[in-house]
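Marked as repeat 'TPR' by TrEMBL: 1-29, 30-63, 132-165. Annotation source TrEMBL lists region 'Disordered' at 267-349. Positions annotated as compositional bias 'Polar residues' by TrEMBL: 278-301. Sequence annotations record features per position, and here TrEMBL assigns compositional bias 'Pro residues' to 320-329.
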Amino acid sequence: MLGKIHLLEGDLDKAIEIYKQAVEFSPENTELLTTLGLLYLQLGIYQKAFEHLGNALTYDPTNYKAILAAGSMMQTHGDFDVALTKYRVVACAVPESPPLWNNIGMCFFGKKKYVAAISCLKRASYLAPFDWKILYNLGLVHLTMQQYASAFHFLSAAINFQPKMGELYMLLAVALTNLEDTENAKRAYAEAVRLDKCNPLVNLNYAVLLYNQGEKQGALAQYQEMEKKVNLLKDSSSLEFDSEMVEMAQKLGAALHIGEALVWTKPVKDPKSKHRTTSTSKAASFQQPLGSNQALGQAMSSAAAHRKLPSGAGGTSQPTKPPPLPLEPEPAVETSPAEAPAQISEKQE
């Protein structure tokens, strides 16, 4: 109960210390082991999370919370087929679990089976209509399928439940751009920039929109802001940037006459690839529209879905996990999305 109180106060470190003591007294208590594993998972300490979840499954192989959390870890690392195998076991125990169907849907999304992904996510949304993470994922999948009106519908709903997450406004702006509502797209980007202080993708997409509208000064300002964020991330972590994002940034840099080689890009190993980037960058410099609607949406979705960029919802330079990812079962106490953007009654990126 003391651990639950710490969770309600949002103090994960103290909660973990309490649960560690509890596990020492009751090393075979699967509920304590699972909760501790989920807390480590929420903090991104995967080795300890896997260790405690594995111990819980050793004592109780049918513990669906531990199985779901283990599956979400495999899913996060791209092992979609193995994760789906785990989820089949969970489906027998809790067939109406919203996080389960959310995770299954995002497994299909990772396998590029978008129709199946939407089907599973809509079932999850039916079971938990007020879960913004599921609505976020639905918007992301519809964007990837270029169904922009549907994407707008789900992203707007997600924003109603999570109005202070910049990445949601960015995705909404991508949908509005493709729906040819430029003015509202600019407003959405402006709000995204105000809320999100560490995701460079927000500034890059905004800069592309401004450039395509002929507003070079505004595009240049956003491009420079993007570079600042990239340098901060480069100094504080070893994140790899999405290749499509890097290519688009190179094109935009050349079009704005800043130079093709960005300080934060890694040397291109494939000479053919470098030549291709150079030629497209030159073409872009003639005030031609940068990035087709499809490329814009795909750049955003690949970055978000594969977690190569932080969501930055908290406004700090520390990377946080984006929602279009699996949701793990939450520890015994439900925390609000604002307190735990990476988890939910099991989690999300």
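Every residue, even glycine, has its Cβ placed from backbone N, Cα and C.
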By DSSP assignment, list the helix, strand and coil residue numbers for the repeat 'TPR' (132-165), in that order.
27 helix, 0 strand, 7 coil
Tally of DSSP helical, extended and coil residues in the repeat 'TPR' (1-29):
21 helix, 0 strand, 8 coil
